[in-house]
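The block underneath contains the structure these notes are about, expressed in C-alpha cells.
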Amino acid sequence: MSVLRSILPCHRGRLLLAFKGWRSPKSLSFSSFWCKLYSSGSYNEVLSNGVASKKKEFDFERLFHSCTKIYILKCLHALLIVSGKAQSIFIGTRLVNLYAHLGDVSLSQKTFCMIENKDAYTWNSMISSYVRNGHFRESLNCLNEMLSTADVKPDFYTFPPVLKACNSIIDGVRIHCWASKLGLEWDVFVAASLVHMYCRFQSSGVAFRIFKDMPYRDMGCWNAMISGFCQNGNATEALSLLDEMRLEGIKMDTVTIAVVLPICAQLGDIVHGLPIHLYVIKHGLELDVFVSNALINMYARFGELRHAQKVFDDMMVVRDLVSWNSLIAAYEQNNVPEKALKYFQEMMINGIQPDLLTLVSLASSIAQTKSFRCCRSVHGFVLRRSWIQEDVIMGNAVVDMYAKLGLIHCSRKVFDEIPIKDVVSWNSMITGYAQNGLASEAIEIYNMMKECDDIEPNQGTWVSILPAYAHLGALQEGTRTHGHVFKVALNLDVFVSTSLIDHYGKCGKLDEAMLLFHEVPRMSSVPWNAIISCHGIHGNGRVSLKLFNDMLNAGVKPDHVTFLSLLAACSHSGLIDEGKTYFHMMEQEFGIKPVLKHYGCMVDLLARAGGLETAYQFIKNMPLQPDASVWGALLGACRVHGNVELGKLASDNLFEVDPENVGYYVVLSNIYANYGKWEGVNEVRSLARDKGLKKTPGWSSIDLSNKIEVFYTGNQSHPQCHEIYEELGILTAKIKTLGYTPDYTFVLQDVEDDEKEQILTSHSERLAIAYGILNTLPKSPLRIYKNLRVCGDCHNVTKLISKITEREIIVRDSNRFHHFKNGVCSCGDYW
C-alpha cells in the first residue's frame, strides 16, 4: 500500500485532467480501482509524463474486467488516454461497448466520436449500443451516417440490431432495400431479423415469403417465423410450420417449445400439446424454466390443474417468479381461488417477492372468494408501492376487484385515481356498474369515454355496454351500437354478437335476435346459451328445448350456463318433467356438476308449479348449503301460492344468509298483507327499518323518440301527468265494461277500497302504458320495462287494454317477458 500511496499524489491529478467528464467519486472508490491496479502487478512504474514504463505494461485486460461501475470505467478510460492506448480502434470500440453495457449511452457516443478511422466493427458497436439502451431513433440516424461514409460499408452484423429499432414498416422496408443492395439479404442472421421485423408490423405474409426463399434456415429462422405467426394471430399456420420443420428433421429447442405451447393453449389443441410435453421429457428439457412455465400455462388453459401442479412440483430447483405467477394464475383462472391464495402465501414464505402480475391474479382471486378484509390488504400493498400511478394494469385490476365485490364506490374512487387510463380502465368501470345493476351509471361512464380522443372502443367495450342498454331496455341505443360494431367489422365476433343477441332478446326483439343468431359462428356454446335464454324469458320453453337439441346435433358441447338457461326456460313455461330430466342429464351424460344456481332453478321450477313441499324436501336433500338464490326461489313461490308458514321459514333462512337484501323483507311483508296479517307486516317492516334498509321503489320505463321516460308508482311530476291520469280513467272505465274488477289483494296497505283502487291505478307500468298510448300512433306496439315483478291486477288490466286498443303491449318485468295481445298474455297466466 505504501507504493500505492506514493503513486497517487504524483499522478492522480494528471489522470483526472486527462478525462474532463470525470466527477470525483469517494476516495475509497478511487482507491479501490488503484488496488486493482496494484494487485495486478502492473503498478511498478508510471513515468512522470504519465506513460507506463517499457519494462512493464499495465494489464489492461484485467482492468477492463474489473470495470463493473461507470466511475471505475472512467478511471480506466483516463488511464488509457494518458498511456496513449485510447487511440486504438480496438480499445476505443471496447470502451464504446462497455459504456453502453453499463447504461451510459452519452459517454459511449462521445468515445465513439473520438475514434479516428472507424471501421465496420466500430459503427456496428455504436448502433448496437443505441439499440440495447432503447435509443432507436439515434441508432437509425447512426446507420444513415454510416451509409453516407464512403470508406465503410455495413456488413451482416449491422442489420440485425438496427432492424429491431425500426419504428415503422417504412423504416424496415428502407433497411431491407439496403440489405438487398449490399447482397446481405440471404445471410441467415439478416433474413431472420427481417422476418422478425415484418411480423412485428403485422406483415406475416411478407415475412413468410422471405422465410420460404432463404437458401439456408437455422433453428433461429424457424423460431422467428413460428413466433411471427403467433404474434399475428395465425396460430394454425404456426402449428403447420412446426409440423413442416419436424418433417425436415429439425429438432425443437427450448425456444420453439416456449413459443408453440401457448399456441396449443390458444387453440385448445391438446393433440399437439401432449406430444410436445412428451418430447420435453424425452430430451431432458423439463429443467428449462421457460419450457416448464409454458407447460404450466398450457395445462391451465386446458383446465388440467393436476398436470400444471405436477409440472410446478417437478421444478423444485429452477422455479422463478414467473413459475409462481403461472401457478397462481392457473388456479385463479380456473375458479379455484383458495389454492391461488395458498400458493401466494407459500411463495412469500419462500422469500419470492411478488410483482405486478402476481397482484393482478391475487386481486381476481380475492374477488372470487368475496373476502372484503383481504381486498383492503391488497389495495394497501399496491398503494405502498405506488403501482396504481405507475402501471395502469394494476389500477384496472383493483377497479375490477372492488366491482366484483360489490364495492362500486371504492371501484370508482380507484378508477378516478388512475392517472392515464386505457380502454381496459373504462371497460372495467362500465362492466362494474352494469354487473352491480347500475346500468344508468354504466352508460354515463361510456359517454364520458366517448369524449376521450385517445380512447377507441374495442370488443370489451361493446360487450360491457350492451348488457347495460339491455337492462334499461334502451333499444335505440343498442341498435346504434350495433351499427358501430358493424362499422369496425366486429359483428361476427362471438362475444360481441352474443351480447347483441342478448340485447335484442331482452329488449323484446326476439325475431332480430334469431336473425343475428343465424348469422354468427355457432361453434361454441356461447351464442347457443344466449338464444336459449332469450326464448326462455319470453316463455317459449319448447323452442328453447328444440334449440338445445339443435345444439347437440351441431356437435357443440353444452356447459353449465347452457343448463342454467334450460332450467330457467322450463321454469318459466311450467315444463316440470323436462326440467327434471335436464337436471339429471347435466351430470349423468355431460359430467357437469350442478352448482347452487342450478339448484335454485330447480326449486323455482318445482315451487312455481305449486309443489312447495316437494321443493322444500328438495332443498333439505341438497348436497350443498342452500344460498339466497335457493331460499329466494322458495319465498317467491310462497307469495304466489299464499303459503305463509313456509314463506316464514324461507325468509328466516334468507335473513341469515343475506340480511342486507331488502327485497326479502318486502316479499314476506306482502305475504302477510295478502292475508290481512297486519301485525306481521308491521313486525317485518320494523325489522327492515332497524337495519337501515329501504324498499326499492317500483319504476317502469318506455323508450320513445330516442328518449327513455321513467315512471315511479304514484308519479305526479311528469309534464303530461294530467293527461296520463285522465287517459287511465278512460281506459279503466272501458275495461270495467268487459268485466274487470280491481283485485285489492295486491294493495299492501290497510286502507279503504276507494283508496286501494287509486293505488292500483297509479302503478308505474300503467302510467307508462298510458303515456305510450298518448304519444304513439294508434295500434302501434308498446314496450315497457319494469324493475319489479308485475302484480296480478296490472297483468289483468294490461291484457284488457291490449284488447280495447288493438295493440301489442310487451312488458319485461324482473323475471320474464309478457306479450299482451288481443286480451291474452304469452305467459298463459303462469309467471
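Using N, Cα and C of the backbone, Cβ positions are placed for all residues, glycine too.
As annotated by TrEMBL, repeat 'PPR' applies to 119-154 (among others). Under 8 Å from some Cβ of the repeat 'PPR' (119-154) lie the Cβ atoms of residues 89, 92-93, 96-97, 99-101, 103, 105, 108-109, 112, 161-162, 164-167, 171, 175, 178, 182, 184, all in the same chain and six or more residues away from its ends.
Long-range Cβ contacts of the repeat 'PPR' (218-252) within its own chain (Cβ-Cβ under 8 Å, at least 6 residues beyond either end) map to 188-189, 191-192, 195-196, 198-200, 202, 204, 207-208, 211, 259-260, 262-264, 266-267, 269, 272, 276, 279, 283. The repeat 'PPR' annotation in TrEMBL covers 218-252 (among others).
For 320-354 (among others), the entry in TrEMBL reads repeat 'PPR'. Among residues of the same chain six or more beyond the repeat 'PPR' (320-354), those with a C-beta under 8 A of the stretch's C-beta atoms are 289, 292-293, 296-297, 299-301, 303, 305, 308-309, 312, 361-362, 364-366, 368-369, 374.
What TrEMBL lists as repeat 'PPR' is 422-452 (among others). Below 8 angstroms of C-beta separation, residues 392-393, 395-396, 399-400, 402-404, 406, 408, 411-412, 415, 458, 460-461, 464-465, 467-469, 471-472, 474, 477 of the same chain, each at least six residues beyond the ends of the repeat 'PPR' (422-452), sit close to that stretch.
For 493-527 (among others), the entry in TrEMBL reads repeat 'PPR'. Away from its own ends, the repeat 'PPR' (493-527) comes close to residues 459, 462-463, 466-467, 469-471, 473-475, 478, 482, 485, 533-535, 537-538, 540, 551, 554, 556-559, 561-562, 783, 810, 812, 817, 819 of its chain (Cβ-Cβ under 8 Å, at least six residues beyond either end).
Look at the domain 'DYW' (739-831): DSSP puts its residues at 38 helix, 16 strand, 39 coil. If you look up TrEMBL, you'll see 739-831 marked as domain 'DYW'.
Residue counts for the repeat 'PPR' (218-252) under DSSP (helix as H, G, I; strand as E, B; rest coil) come to 26 helix, 0 strand, 9 coil.
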